[in-house]
Amino acid sequence: MIRFATLGILLLPGAMLLGRFAVAGDPWPRFLVLFGATSILYALALREWSRLPTAMQTRPAITAFVLAIAALGRVGLLPMGASDDVNRYLWEGRFQNLGGNPYHTSPAQVLGRDWTAPEPIGDDPFLSAVNHPELTTIYPPGAELLFRAVTAAAYRASLWKGLTLAADALLVLVLVLLLRRRGEPPGAVLRYAWHPLPWICFAGEGHLDVWMLVPLWLAFLWTEGRRRPAAGLAFGASIALKLVSGMYLPVFFRRLGVVPVLVAGAVVALCAWPFRNAGWGLVRVLGHFGWTMGHNASLHAWLAAATGPQSARIVVAIVFALVMAWVLRRNPPLLDGGLVLTGAFLLLTPTLHPWYATWIIPFLVFRPGRPWIALSLLVGVAYAAYGLRATTGVFHLTRWMRGVEWAPVYLWLVVDGVRSRRAR
């Protein structure tokens, strides 16, 4: 118990030191050392947790300690500079409140005076710092409505980060409720709550993804509780906030049936209604990114080297469709199916930013597979691309960085696959 508590406490200085980075990953050597050290402490804490007697794991004092470390660690990351994605979140929220449609008009058009504002925009700090200003929005309607609501309250990155931290705390609570429903120790939430990646991505950088994860995991919770209409509403909200959540359709369709899934679709349609005049503009930029952009891929990168990037995209899309069909047909347990879909997506996607890996970490609370733990920690290497961009002007990862990131993941996948076959 003493070693477990010590490791938890030692996570906090790592969080505070990481929180001093103005941009996560820059300078990259210092960032990787700190993130690596924090990741090692996290992995050791998982080992010590597994060694605790079940009677101790279930004690309320242990759960309170786990939640206290989770809260303090996140607070320690608040000083970190927000991701440049937050500039777009806030600008697009303000733009809607000015009467604009982010699916019609890009930030560059506003800067170029191609759009007439009903009031002076002034020297907007977020508009001038939006990434890819030539493009209209990539975000789905639910996210746009969220941006609009937040910026109507205050046009500050600190408010967005504070609300994102609150959403992350809510996700931890949902995971605790699901653990209790399954009769598992609530303290096992540390597999998510102590993980350094969500600390950085949500409390530190303020990424949108946690807003998708909260309703998604409410949908899992309510599906297990047989609250089908509520699960359908939550699943629809998750898709409306980030379309990638639609990949979980096979696991929900088999358990919820047609009507709750239609409810989910109705939620998405309702969120899209205010932007209905945009037509295909609702997904045009998302398609552009998916078809042309690539960064930190694994299987897609290898296929692209052999067949070309566009052929590789077609292949990985077909493979992922087959994975979805397999999950739909075989109907594995709810969270097993979700883990398979998430893992397959992360291995196949042409672009894997570190915050994408946060999608798989809640599954580790219930299914702590070593390959996915390794991926969720080693993906932190990808932050080095920001430091390399600052020094070289090119956003990239070196070959050795990608080897460090991916080789252990595939090694564990092979080892676990061999052990699984031998155990049959």
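Cβ coordinates come from backbone N, Cα and C, glycine included.
In TrEMBL, annotation is done automatically, which means it is predicted and not curated.
Positions annotated as transmembrane segment by TrEMBL: 32-49, 61-82, 159-179, 199-218, 230-249, 256-275, 311-328, 340-366, 372-392.
Against the transmembrane segment (199-218), stretch 159-179 shows more Cβ pairs under 8 Å than any other of 32-49, 61-82, 159-179, 230-249. Against the transmembrane segment (372-392), stretch 340-366 shows more Cβ pairs under 8 Å than any other of 32-49, 159-179, 230-249, 256-275, 340-366.
The transmembrane segment (159-179) makes no contact with the transmembrane segment (256-275), as judged by fewer than three Cβ pairs under 8 Å among residues 6 or more apart in sequence.
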